[in-house]
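Per Swiss-Prot, signal peptide is recorded for 1-17, and the stated evidence type is sequence analysis. Per Swiss-Prot, the feature N-linked glycosylation site maps to Asn64, Asn91, Asn94, Asn117, Asn143, Asn245, Asn398. Annotation comment: Swiss-Prot describes Cys146-Cys185 as disulfide bond, evidence class similarity to another entry.
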Amino acid sequence: MVLLWALFLALLAGAHAELPGCKIRVTSAALDLVKQEGLRFLEQELETITIPDVYGAKGHFYYNISDVRVTQLHLISSELHFQPDQDLLLNISNASLGLHFRRQLLYWFLYDGGYINASAEGVSIRTGLQLSQDSSGRIKVSNVSCEASVSKMNMAFGGTFRRMYNFFSTFITSGMRFLLNQQICPVLYHAGTVLLNSLLDTVPVRSSVDDLVGIDYSLLKDPVVSNGNLDMEFRGAFFPLKEDNWSLPNRAVEPQLEDDERMVYVAFSEFFFDSAMESYFQAGALQLTLVGDKVPSDLDMLLRATYFGSIVLLSPTVINSPLKLKLEATSPPRCTIKPSGTTISITASVTITLAPPMLPEVELSKMIMEGRLSAKLTLRGKALRVKLDLRRFQIYSNQSALESLALIPLQAPLKTLLQIGVMPLLNERTWRGVQIPLPEGINFVREVVTNHAGFVTVGADLHFAKGLREVIDKNRPADVAASHVPPPSAAAA
């Protein structure tokens, strides 16, 4: 009985789980590129290590090592890979750090000072980044694990007191090695929890697309990591800006990601596009009104000839009034994605009136228009763009079949009007595109779009248009002092 009840609860939870409208998979093919940029950033961060002065005395000898700074990082072996428990794991072994510091020695009244170069050999670093969603649905680095060790220090002293320095080198090098061990992990913890999170803050969560609608890319759950991929599920829903709490139930097919040859894959369900069209419909954007000289002259003449019998019976003050043509969607358009292509179906009303100045409009006809558009998706940079093309068009009257027959001569000119006057306006808006949830400075290249039953996938490679350092410095938090200190378990002596 208990097992049946648990099964029922599991099924109930699954039934109410929100389906993603957008999925992103980062594959292991992207890790080499990420590692190159990440190691460059890591090298710059390790150069910020601050080592306290090392000083002491033995008998009448006093020594002081100060102004220690890291000058360079040499990597012999490094590996970045996915790991289910740690999400992203970086292993660095047999690396070396170049150091530059000031030396001072006092023996009785004899003093020696100057600057010297040293190296930390056998540097090993093992650090893991754990990714999760925060309360706003944004992806974050929630934890950084770190183990670091330096096996030995090399210093080459010279000058008059070289033998004295060599005598104290054991004390000096062991002290500096201990301090260096203690400083590596705090730097990496700060780099992950503060600096990398400032980069992730550039990923859009709820942002405006234009002055009418916005897009919600909230994560629905924590990222899922396997040995070869990092998978993320986003809400992927548009909404009218004037109705921030508006939502559309997602009953579309859940998009699936199965490939792993390219660096990244993005999948969009029919819901993603349906929510966009529903949002524009709710915002009142799916309508167009042409009055007077905005109506093509050929179409104006044809319409007046078609409805001559009705116009001639009107008042002389109305007969020569400007013609008004209003197209308005009667319901939100719907998207259908098949392996053969993507289509959008739309139903609209076409109202033809005479609009005399300062007088009520006179309706000549009201008809129903049904259209089918083909949609071609492309991804440029990190903007998803759509180009629409009118494939099928018909008009009819919902009053009588006889009136529908009378509308046949209007079908060709109205279709031409849509192709010349309406489609360019739609494509101007859709070609602006909507941003994909990627951090600033990272773009898609070499995109391949593939249609499936109910969803579309885009496979692409990644390109760093900006370096991590450039983006992080631009978005660095003003006060990060509290994040410099990692948990006690993060640093290994």
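Backbone N, Cα and C define each Cβ position, glycine as well.
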Review point. What three-state class does DSSP give Asn398 (N-linked glycosylation site)?
Key: coil
Study note, to complete from the structure: The glycosylation sites listed are Asn91, Asn94, Asn245, Asn398; by CA-CA distance, the one closest to Cys146 (disulfide bond) is Asn91
Study note, to complete from the structure: For the glycosylation sites listed (Asn91, Asn94, Asn117, Asn143), most other Cβ atoms within 10 Å of the Cβ sits at Asn143
Point to revise | Proximal residue to Asn398 (N-linked glycosylation site) among recorded positions Asn91, Asn117, Asn143, Cys185 (C-alpha distance) | key: Asn143
Review point. Which state, by DSSP, holds Asn91 (N-linked glycosylation site): helix, strand or coil?
Key: strand
Exercise for review: Compute the C-alpha separation of Asn143 (N-linked glycosylation site) from Asn245 (N-linked glycosylation site), stating it in Å without decimals.
Suggested key: 32
